[in-house]
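Enquirer: Sharing a structure, written as structure tokens. Questions coming.
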Amino acid sequence: MKRKAEKQQAAAPAPMSAVAARKARQQQMQAAIAVVKPSQAESVQEPPSKKARRSPEQAAPTPPASGEPQGRTTRSSKRKAESLKVDKLIEKKEKTLSAEYTEQLPVRSSPQEQEDQSSSDEESEEQNPIVGENDAGIAPLRGDVDGYESPADTSGPIQEFPLSKTRLNKSNIIYSDEHTLCVRIKEKMSLVLLGHYDLWVKRGVVSVMGAKLHPSPRLYRVYAPSTHSLPVIKCVSGVDGAAEIEVKSCHSGIYRLRDLSPLYRRIWNGKNTSADKLTLRTSPSSAKRTFSVLYTSADDSFKRHLRPLHLEKQWSSAIKSLSQRGGRLKALICGPKASGKSTFSRYLLNHLLSPAPQTETNYCNTDGVAFLDLDPGQPEFSPMGQVYLAHLRSPVFGPPFSHPSLDSSQEGTIIRAHHIGATSPKEDPDHYVLAAMDLMDRYRALLASYPQCPLIINYPGWIFGLGLEVATWLVRSLGLSDVVYMSEKGPTEVVMPLGQAAQEAMAPLTILPSQPTDFVSRSSAQLRSMQMQSYFHMTRPTEISNPLWLEKPISRTRPFHVHYAGPKQGIKGVMVMGSQIDPDLLQEVLDGSIVAVVAVESPQAILGQNDGPGLTINHPAQPIDADVTMDDSTDTPMEGVPLQDPINPFIDANIVRTPTENLPYLFVGSGSSNPLDPKASRCLGLALVRSIDVSSQRLELVTPIAGSAIRDALEQSHGIVLVRGQLDNPNWAISEDYYAARAEERRYRESLEKLKKNEATTDKEDSIIEPEQQARVSAILRDRIRRASNVPWMTVIEDNSGHQREAAQREKSLWKLRKKAYPGSDSEGDW
């Protein structure tokens, strides 16, 4: 019995030792697999050494427990020997992989060549300590709980990602100067550019963002910032096996927005790359184009995480299949958030607008493409908070903030738009559905003039819960030809109802994989701010086909002065969506906010205005005398356009004047405001209420809406109503003066440094500025910065020593979207 007990005591530790050895071998094998097949999300760098991956059994040996026989030690040693063999095999693979990776690295330019590169304004910002505190606007949030992760720490070497297949040399460079580059691209080869430029196809056929461009005298404007995947220019077919393109610098002014917001900094091309140097050899040393040729992501001087915009094979085949329907196409694109709906819709749109002549159906698009955007959070051709129907006639190449509105007859126009007042339709699903149905009716009316006009519907990522009910209802009601769902991972509780609705509507359901690797340098909220800022700073001169951006801050922009009371009253009322507010608070709610300018087309323009009571308040309504009639328009830009009266009595019955400011508060509803009927109203655009002048009873509105659009609405006897929704606060407008002042001071310091350098090289003292004058100008600029920083809701960080290091670390960080695929995940995190 004693011997048996000793055997049992000696055998007791055996299972634990076996489990430990088995776990160690599994960890080593998993590490070996991870080394041989690195994931796409990880940076491709030299694998860690053997020492860094020491297994538990490779650590310092521990003495065996008392009473453990030597036989068990021998068995463990045998397993350790097996583990060491596995380690040697792993180490051999690591060395082989490291050698292969080293051989694949391109030859780096010498430090002297890097010093010879010209510096841009953004690069000088990086060298000046004054810039570090300006990056506060893009600081990531820690511990986000709404479906997003903090930026991945990529302090190690940046992954060298291949971008262009074409390498420029003397044989494929036709001509070049400091503004233009003409190259020859062989078939199935590609070229990737960073920046913004005009593209001219001279010979052959090239594809860009889904569009096939044939030789023509037309120039295509392309915007390729680092905030999105870079467009790839690929040769589809050519003459003598190659296509010939000319790329030219363009000066649209969009790069000037970096002086107004840190979100627009470091998104365009930096220093000249090796390819740029090759094509600028005969140009001055300071020459710099608005675009740069990139072979790999390592060519970027800012060391950003750049990726090319490539399509999945399933995406390409689906786009070709859908395009063959021609004018009969009516496709709804839906799926979870961050699944690539907008990218797929943009590719399909461009492909339809530029079909290849050799298509099987011989379809030639002359009627354009209708684009029904039902995503108010991230719209393609309008600022946030709107759903709209657009009629496109030309492909578009760029992110949404490069075309925040459509007013060009050449590119396309907005047929009709409705203001939802929020970035998600879940705030008022009924109003959202009514707006979608009205826009669909407008598309059917558009078919009378353009019978071969296909339709693309972009549905938001609100696909769970109530959003799924809305999506299935739209599938059954809109008479679609196709439904595309952008996720192969389901979930089944979404795919099954969607498939049943598509089957009832006799529309095939196509399931595609979602967009891979969602690494972005700007969050969704930041991209909305960029798009909104671009919307307010963009202008379209009549004599120029492409838009221009002005760098003047909103506070210095000439506003529209609109009377809200009196004989020249220009607006019918002010509506606040959502819950009822006290009229005393209307000025605070309205001042400094973003409002929609809505044209009321019918007396019955408010939903439910005959069903429920109007506004219930504690203050008595002010009597409306002869000076507060709504018969006349405002002085600018609608002065002199008489209004008729059919709409006035119906709106006047629901207007309450605020006791102090005499603002016209329009409210219909019971507890919450009833929205305007989409069938009897349309949104003309957005405006920023810069101030409310109570003494003159006027509003100062800053808006990019053309005065002719408002004048046309008034000539048709349509009343103007300002609608205050639940959009993001215009923080970008508050801080514009501060960033503009810092940019002005930076430019002045750079000019002084340039003069000092010229003085040292030329020994001329004529251009020297007196020290007293320098001090006086510097004091004026610093005072301007101080005054610009003394505004509410903005904190200026004066001590930038630690903040600058954080900003440098953020430049090496990425935002990683964590996709949720379960019911109830329709909420988007506030980054």
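Cβ coordinates are placed from backbone N, Cα and C, and glycine is handled just like the others.
Heads up, here are the entries from Swiss-Prot:
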BINDING   Gly335, Pro336, Lys337, Ala338, Ser339, Gly340, Lys341, Ser342  ATP binding site
COMPBIAS  8-37  compositional bias 'Low complexity'
COMPBIAS  79-97  compositional bias 'Basic and acidic residues'
COMPBIAS  113-126  compositional bias 'Acidic residues'
REGION    1-161  region 'Disordered'
Enquirer: To see if you understand the setup: which same-chain residues, six or more apart in sequence, place their Cβ under 8 Å from that of Gly335 (ATP binding site)?
Expert: Lys341, Gly461, Ile463, Val484, Tyr485, Met486, Ser487, Ser514
Enquirer: Which residues, in sequence order, are found in the same chain with Cβ within 8 Å of the centroid defined by the Cβ atoms of Gly335, Pro336, Lys337, Ala338, Ser339, Gly340, Lys341, Ser342 at the ATP site, excluding those residues themselves?
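Expert: So the additional residues around the site are Gly461, Met486, Ser487, Ser514, Gln515.
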Enquirer: With every protein chain in view, how many other Cβ atoms are within 10 Å of the Cβ of Pro336 (ATP binding site)?
Expert: 25
Enquirer: Around the C-beta of Ser339 (ATP binding site), how many further C-beta atoms are within 10 angstroms, looking at every protein chain?
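Expert: I count 26 other Cβ atoms within 10 Å of it.
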Enquirer: Please list residues from the chain of Gly340 (ATP binding site) whose Cβ is under 8 angstroms from its Cβ, counting only those at least six apart in sequence.
Expert: Met486, Ser514, Gln515
Enquirer: What does DSSP call Ser342 (ATP binding site) in the simple three-state scheme?
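Expert: Where Ser342 (ATP binding site) sits, the three-state DSSP reduction gives helix.
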